[in-house]
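The [4Fe-4S] cluster 1 binding site annotation in Swiss-Prot covers Cys107, Cys112, Cys118, Ser352 and rests on sequence analysis. What Swiss-Prot lists as domain 'Radical SAM core' is 122-341, and the listing cites sequence analysis. Annotation source Swiss-Prot lists [4Fe-4S] cluster 2 binding site at Cys137, Cys141, Cys144, citing sequence analysis.
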Amino acid sequence: MITRNSIILRRLYPTAIIRTLATDATESTVVKTKRRRTIFTDELNKGPSFDDFVSGKAKDMLEDPLETARKDPNAKLPSWLKVPIPKGKSFHNVKKDVRELKLATVCEEAKCPNIGECWGGKKSEATATIMLLGDTCTRGCRFCSVKTNRKPAAPDPMEPENTAEAISRWGLGYVVLTTVDRDDLVDGGARHLAETVQKIKQKAPQILVEVLGGDFRGDLSMVEILANSGLDVYAHNLETVEALTPHIRDRRATYRQSLAVLERAKQTNSSLITKTSLMLGFGETDDQVKQTLRDLREIGCDVVTFGQYMRPTKRHMKVVEYIKPEKFDYWRDTALDMGFLYVASGPLVRSSYKAGEAFIENVLKKRKHNVGETPRLAQEIKPSIY
């Protein structure tokens, strides 16, 4: 606001002098305060000085974070989660064919710790898990390391043929076909999966085929298409207990929807083996796991596997607890007592881990010898899974 005094000052004194007087008056009234100390400042003060760097003493004062983590026992994985580096002729042959035929495998994309054991086994025991419909998922679950995108590339029309060719070439006894979720496709990729199964059976009818499929956004007619494709095992993973599902899986995947998928598969083709997998270590309780097993038995699910959740990267959710091997034994015995046809349970067990062994040594032997009490059979043939 312009006052009479300010007009008089402007007439008597030049503008520069007025600005100087105003600045001096302001500075005289400002009380200078010390800058607040910060954690960063404190850390700098604790560290080496410029003279320490010049004299070479700094290297003795600084800690290498990688070396510190290596020496810290709490930063290490438990001994039961360590695996040898993948190697061997069979392993490299499978890897070579995967590259040549431009196939994607969940073994590599999901950084599975069992890749060396599954790919490196004998032909009759080896298991490969081929990931169809590309390597990019339309969903983003907090535990999964597979790439995500709302609009992945269109499916390769030659993928069913190339997959069947590769599998027949390897001479595997069992193959697992899995897939990324393709919510961008009208049928969710169900017909693409069914075609792949049919081509495999045409080229190598002796191979047992398991398909680990998605929920097709709850469209159960797509489940029926896949269940009637000629596959031997229909798998769909619950991943975790009901209470934790919204926090761990993509919001489009629900616990009840997954149960409905497994139930419809069995209703469509009663000869199918239905299978699911649970990861432990998210903070689930024993009561929650037991309720999940009861829910699975109510819909007639035949096979369940338990494995330890292992954080793929720092961008994914943290591990709440590393479950001990003894606890996995407990869950195996508990599930068998509830009537599951077969249970694989161990820290390194994954949905498709030793799938061929599980199916061949349990289901086929049961059918061949007409064994009545399945849980007892499964207990007698407990494989070494860790």
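Including glycine, each Cβ sits where the backbone N, Cα and C put it.
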Assigned conformation of Cys137 ([4Fe-4S] cluster 2 binding site) - DSSP reduced to three states: strand
Env. residues of [4Fe-4S] cluster 2 site, Cβ within 8 Å of mean position of Cys137, Cys141, Cys144 Cβ: Arg139, Gly140, Phe143, Ser145, Val146, Thr148, Val180, Asp181, Asp250
Averaged pLDDT, computed only over the residues in the domain 'Radical SAM core' (122-341): 91
Position of peak Cβ density within 10 Å, selected from the binding-site residues Cys137, Cys141, Cys144: Cys137
